[in-house]
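**Student:** Starting off with a structure, shown below.
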Amino acid sequence: MSDALIASSSEAPQSPAEQYDPTRKQKSADKTARIPIKIVPAEKLKKPDWIRVKAATGNSRFYEIKDILRANNLVTVCEEASCPNIGECFGKGTATFMIMGDKCTRRCPFCDVGHGRPDPLDVNEPGNLARTIAQLKLNYVVITSVDRDDLRDGGAQHYVDCISQTRELSPATRIEVLVPDFRGRLDKALDILQACPPDVMNHNMETVPRLYKQARPGADYAHSLKLLQEFKRRNPNVPTKSGLMVGLGETDEEILEVMRDMRAHDIDMLTIGQYLAPSNHHLPVLRYVHPDTFKMFEEEAYKMGFTHAAVGAMVRSSYHADQQAHQAGFA
């Protein structure tokens with residue numbers, strides 16, 4: 001028997017991480033097992049009294065919304081990212097639509113959206129989305145997506161198709177987009193978006209620059225700022241927006257410094273919310289920020305010149321986005 005055969009026969013069975021199937025959607029431990037940064041477990045903190053999730057009421061539209069989404073083959077980030085506010089939002093007949101599939105090309109360890117090799121774009125999705133929005137009679141919608149690093153334009157044209165077809169069927173509906181970073185294809189993506197810009201342009205900074213390597217592998221802090229500033233330069237009448245999580249190990253001063261950077265890059269609207277780990281296989285919560293600190297962030301935001309700041313433990317980027325835009329005078 002050859003040495004090669006001896007080595008082969010004595011190998012241990014492959015672990016799940018080694019049996020990697022790029023076409024399968026990976027979540028939780030399967031997703032985070034392959035990122036270059038090891039997740040270091042921390043003592044699980046007890047949730048404080050101010051962390052409260054509103055459940056859907058008995059007479060809500062929760063199941064109606066779910067049925068309509070499934071009938072139209074649509075995905076929401078509310079479901080895919082395990083958002084704690086899903087009961088309240090679906091119950092009120094609102095949802096944040098997630099386009100371009102349910103498999104992201106990134107593996108951010110704070111996020112519960114699945115990772116894998118994305119499927120080809122669904123050419124029928126913009127039409128399905130537009131008809132669903134019209135059926136639900138929505139006055140304000142948020143459209144987001146997975147990262148699509150496999151596409152030459154990062155998915156920008158698909159965004160434009162969704163925006164334009166929605167406006168055809170629902171001309172009075174305001175459209176906010178929460179876009180990926182289009183890293184490596186920024187100019188091309190912005191050129192495409194300029195043909196049919198949204199009513200609000202949102203891209204989340206997510207965390208402070210010191211934690212980017214750990215929390216946002218594949219992303220770049222300066223690039224994300226540039227995306228929003230360059231979009232604003234090209235579309236000065238369209239408000240820009242960004243969001244941050246707290247509880248990943250940042251300091252209050254680091255959050256304030258990011259807010260200053262946002263204003264220096266012409267970002268108009270701000271959201272800040274408490275990070276809640278989707279599972280034990282995601283980045284751990286290292287602190288629960290007190291409501292008094294959230295209030296301080298909000299006060300400082302208005303001093304810095306943000307037109308609107310939604311700041312609080314359960315705030316998410318698209319949570320009550322219609323109210324945020326209205327209070328800022330944009331909707």
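Even glycines carry a Cβ here, placed using N, Cα and C.
The structure displayed is predicted, hence computed values, not measured ones.
According to Swiss-Prot, the protein carries these features:
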BINDING   Cys78, Cys83, Cys89, Ser318  [4Fe-4S] cluster 1 binding site
BINDING   Cys104, Cys108, Cys111  [4Fe-4S] cluster 2 binding site
COMPBIAS  7-19  compositional bias 'Low complexity'
COMPBIAS  21-33  compositional bias 'Basic and acidic residues'
DOMAIN    89-307  domain 'Radical SAM core'
REGION    1-33  region 'Disordered'
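Context for these features, please: burial, neighbours, distances.
**Tutor:** Counting only same-chain residues six or more apart in sequence, the Cβ atoms lying under 8 angstroms from the Cβ of Cys89 ([4Fe-4S] cluster 1 binding site) belong to Cys78, Cys83, Ala95, Thr96, Tyr319.
Mapped onto three states, the DSSP output places Cys111 ([4Fe-4S] cluster 2 binding site) in coil. Packing around Cys111 ([4Fe-4S] cluster 2 binding site) is summarised by its Cβ count: 24 other Cβ atoms lie within 10 angstroms of its Cβ, all protein chains included.
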**Student:** Specify all same-chain residues, apart from the site residues Cys104, Cys108, Cys111, whose Cβ lies within 8 angstroms of the center of the Cβ atoms of the [4Fe-4S] cluster 2 site, ordered by sequence.
**Tutor:** Arg106, Arg107, Pro109, Phe110, Asp112, Val113, His115, Val146, Asp147
**Student:** Can you work out the mean pLDDT of the predicted model over the domain 'Radical SAM core' (89-307)?
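**Tutor:** Mean per-residue confidence for the domain 'Radical SAM core' (89-307): 94 out of 100.
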**Student:** May I ask you to report the DSSP-based helix, strand or coil state of Cys83 ([4Fe-4S] cluster 1 binding site)?
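**Tutor:** In three-state terms, Cys83 ([4Fe-4S] cluster 1 binding site) counts as coil.
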**Student:** Counting across all protein chains shown, how many other Cβ atoms sit within 10 Å of the Cβ of Cys83 ([4Fe-4S] cluster 1 binding site)?
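**Tutor:** I get 24 for this one.
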